[in-house]
Amino acid sequence: MTSQATTDNLWAWIDEEPEPEPIETIDPRMVAAVMVVHNAEEWLPRQLRALAALNPRPAMLVAVDNGSTDSSRQLLEQARAAGIISGVLDGGRNLGFGEAVATALPPDAPWVWLLHDDSAPQPDALGRLLQGAARTGAAVLYPKLLQPRRRNYPETLAEIGQSITPTGRRVAIVDNGDIDQGQEISEPVLGGSTAGMLIRGDVWRQLGGLAPELPLHRDGVDFGWRANEAGHKVVTWPDAALTHRQSGRTGERSGAFAKESHEIDRLTALRVVAARGAKPASTARLVIGSWLRAIGFLLAKSPRLAGAELRAIRRFTSTRGQVKTLAARSVGNMDVSRLLPRRYWSVRNALDRLGADLADRYRDFTNQESGFSIDEMTGDDFAGGPSQRRFLAPLAILTLLLLVAGGVALRNLFGFGDVFGGGLLPAPDNIGKAWEAALSPTAGLAGSDAPWLMVGALLATLSFGSPQLLIFLALGLAPLLAGLSAHAFLRRFEVSRTTSAIAAGTWAGAVILLGLVTAGDAAGMMLAIVLPQLASAIHRMAIDDSLGAERLRAPASAAAWLLIGAAAWPVLLILAIIGGIIWIIRDRFVWLPVLITLILPAAFLAPWVPSLIAYPSRLLTGPDPLAWPAWTPASLATLFGRILPSGLPLWANIVFFAVLGVAAGYAICTIRSTSIRLLSIAGIGLPLIAGVVLSRIALPVNGGEARALLTGWALLTVAGLLAPIVAMRLRDEKAGADLRVLLACLSTVSLLAAGVWAVIGFAGPVSNHPSELGFARGVVVSERQTRVLMIETKSDGGLRWNVVDSSQPSWGTAERNPAGAFRDDFAALVQLLGGGDAPENLADRLQELGVSHVWMKGFSTEQLAAVGNAAGLTRSPVDGDTVIWTVVELPSRLHIVDENGSKAVLDGNITAAETERRLVLAETPDDRWRVRINGQELTPLPEGGKATFVVPAGLAGKVTWGMAPTWWMFGLQVGVVVLIIGLAAPTIGGSSGARRGLED
């Protein structure tokens, strides 16, 4: 028994209640509170209700009316009559906050509490601040400021003290908008807002109160800075809270000190930092920084803030005396560097924000929906959706699968040759050649060259300046990028992550099996990425209810994607114009966003319009239309996506598109609305019919015939097939068994497509091709700049031929016939060589065309013997099937002509002569050819079928030639791109309007 009692005594402390610690505090009757009011009738009633609920209350609470012109004065008088405030004093419209406070404070107040007319304190705010002062011994305390509460949202933080950068930028101690969970603790601080600031009276009087040089804004930071320098303790006290509307900073209230709140805020910030900076270097830095900020505001579509920034810096430089007076107010020199932001804080802050944004985007890779959460079951309004963090979430699986498949498939392309084939021509040797191709117009055609070359050069620049690397990245990553683009589009409609990933994988699988990658369809790869983003931007336009410049962001984004898509597939712009007209007819209020979306891409393509007028069928083709072999898909194969010679097995196409078609058909049958069902069928049938019809038409394009680009129509058909399946998931809150079966089937065929691509790789037109020119390559790239005529027999007995030189084949050279204006001459020679009837003057005719070699493959012995009978040619066998003929007379693209005849320019140099001569360039005549000798430009002669120029007597030196870039057209295109970027950039503006609509 005694043992049990002893044990009970040992554990008796568990039930003992601890003695409450005495709470140190300061008598609130020692506090004098001052509230400054100016035109606050909208929020002053809420402020007065908060003051009426204060417990404890200060000994006196005086309101200073700073020249209000609304009903604020009447509200204050009513509050005084009700005993909420002690009195009302008259200030003045031009009186700053600190000066207004000084008129109301008694000379010997032990404690001073400052209030704004929009800073409603919580009932215990003053008591909490006094407890903080007693516990910490601080002379200045800054409370927690909360944002006005929004309906159905928790309390969020606005500020708990602040600091300032050397350029005057405000540095918050907490992130604006963070949910208030009582997580902050008291800590030393440089300063903060004057809203709710508590100051010990002797310190207030020692420092001379708030600086009148800072009539509004930053005066609390300056006071805290001076208090720290004087050796006083300055801390935050987040236990005390006020709801601060910040009406002055958000523009809800106009003031007498500036047209814009930003102007006075920036002016006072400049004065605060300049009063403590090294001069004159500090002033110069601030001026330059302000000009850069103004430029930034202009780029952010806020000329209002840019003007305010410039007015602030002008007032700052013209009132330097105010800075000196402010600097003289400091009464100490304690080091406060520990309270200032570290060096390069702005850079680190920007990187932190970027990292946070990337982390948010990464969540889609690692989050996956799962069952119900406790918060959902208990009805927590702020609970996040149930999710599980997994390394292999749906999007992560999709990304990993396509990365591995693309990486494995690329194995076929490694080697020492060039990667090209199908519609993909070899990349330029370097980034300079890529931009040269983009800027140089086509000889014989008005306007600029195809605009997709500009897009290609820009992308090559971003690919570390390597066009070859761009090709590898495009071929290996196009399905992945297309899938990610589709996934981002579907997530915008709040489609579940799993369904979005499966649909995106199906989209990527279609990109593979349509042959866009393995057949080298550059336009198809671009469209597969662009179309989902274009649709997403159009959706943002449709639901956007923003005001002002912010409303232009979605149209600018749509214009950017439409520009890229139309550069690759020009008919897309025509389709967009038709759709835009229909949209405006149905809703005339969308005319401005629609016009922005359409006009900017049209302006970018405008320099190319003369070529489109000359060959309108180019609208229906893709980049380098003449590069494609004459391959017509069978009608039945077209239905299963075999629109290009992809090199992938046909059975994979049949399985993939049969499953997709059946799934789409089932989804359409589940649609209850007849009109929507018919619309879904039209979305599939119209592009499918258009593609089938166009696949049978040969289109004339600048000296040749090409086929219409079918991949755009095919991708639209695939989108139409996926739409009803995705709609099933949107329609039902939870996926039913039928939808799960459909998604499982789509996942299977998507995996099949990626697997087939990985196993077979690039077995189609695109491959690694070693140079077939052999020794002739050195002559082609020499100063002679000669051509090579390449002829090959086809299996049906026909002939395939091409003309190769130092610049072709390459990007853009299949926008026209490779022989240019001499295509008839070359065609005649090809027929003669192929028919075994080589003329005696064959070498002379080749020399006139600048041809140094003839490459022949697949010809019979008799045909080659006939060519060998022509004088002036030597034969060099390459292999058992290929022969290269060399013109003995050393041809050149340039000839100098005088009274003695014509002579080839072999070393790129022209010797002087006593008489005037002509220089003949074996190229299509065009006024934009520029030929220079020793830097002197030659005068063109409008004669003959070749570009001809006058060589003055005595002129000698190095000869250079090329097409003159159309710089004004390039400037127009750059201007359009800059305008799109400017319109699409985030807009800086106030938030008051949005906040009013959400406040409690």
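Glycine is treated like the rest: Cβ placed from N, Cα and C.
Non-local neighbours of the transmembrane segment (391-410) in the same chain are 364-368, 472, 475-477, 479-480, 483-484, 487, 497-498, 500-502, 504-505, 508, 751, 754-755, 757-758, 760-762; each lies 6+ residues outside the stretch with a CB under 8 Å from one of its CB atoms. Annotation comment: TrEMBL describes 391-410 (among others) as transmembrane segment.
Beyond the transmembrane segment (469-490), the same-chain residues lying 6 or more positions past its ends with a Cβ under 8 Å from any Cβ of the stretch are 364, 395, 398-399, 402-403, 405-407, 409-410, 413, 419, 424, 427, 456, 459-460, 463, 499-501, 503-505, 507-509, 511-512, 516-517, 522, 525, 528-533, 535-536, 726, 754, 757, 762, 766. For 469-490 (among others), the entry in TrEMBL reads transmembrane segment.
Residues 420-424, 452, 455-456, 474-475, 478-479, 481-483, 485, 561, 564-565, 568-569, 572, 622-624, 641-648, 652-653, 656-657, 660, 709, 711-712, 714-716, 718-719, 753-754, 756-757, 762-766 of the same chain sit 6 or more residues outside the transmembrane segment (510-531) yet have a Cβ under 8 Å from a Cβ within it. As annotated by TrEMBL, transmembrane segment applies to 510-531 (among others).
As annotated by TrEMBL, transmembrane segment applies to 560-585 (among others).
Only residues 6 or more beyond the boundaries of the transmembrane segment (591-614), in the same chain, are considered here, and those with a CB under 8 A from a CB of the stretch are 442, 445-451, 538, 541, 544, 551-552, 554-556, 558-559, 562-563, 566-567, 570, 573, 576-577, 580, 583-584, 702, 966, 969, 972-973, 976-977, 979-980, 983. TrEMBL lists 591-614 (among others) with the feature transmembrane segment.
Look at TrEMBL and you will find 650-671 (among others) tagged as transmembrane segment. Distant neighbours of the transmembrane segment (650-671): 506, 509-510, 513, 637, 639-642, 677, 680-681, 684, 718, 720-722, 724-725, 727-728, 738, 742, 745-746, 748-749, 752-753, 756; these residues of the same chain sit at least 6 beyond its ends, with a Cβ under 8 Å from one of its Cβ atoms.
As annotated by TrEMBL, transmembrane segment applies to 678-698 (among others).
Summarising the annotation, TrEMBL assigns transmembrane segment to 710-730 (among others).
For 742-763 (among others), the entry in TrEMBL reads transmembrane segment.
Using a Cβ-Cβ cut-off under 8 Å and counting only residues 6 or more beyond its ends in the same chain, the transmembrane segment (967-988) has close neighbours at 297, 299-302, 305, 439, 447-448, 451, 454, 548-550, 552-553, 555-557, 559-560, 563, 596, 600, 603-604, 606-607. Residues or ranges marked as transmembrane segment in TrEMBL: 967-988 (among others).
Packing against the transmembrane segment (678-698) from elsewhere in the chain are residues 620, 632-633, 635, 638-639, 643, 664, 668, 671, 705-708, 710, 713-714, 716-717, 719-721, 723-724: each is 6 or more residues past its ends and has a CB under 8 Å from a CB in it.
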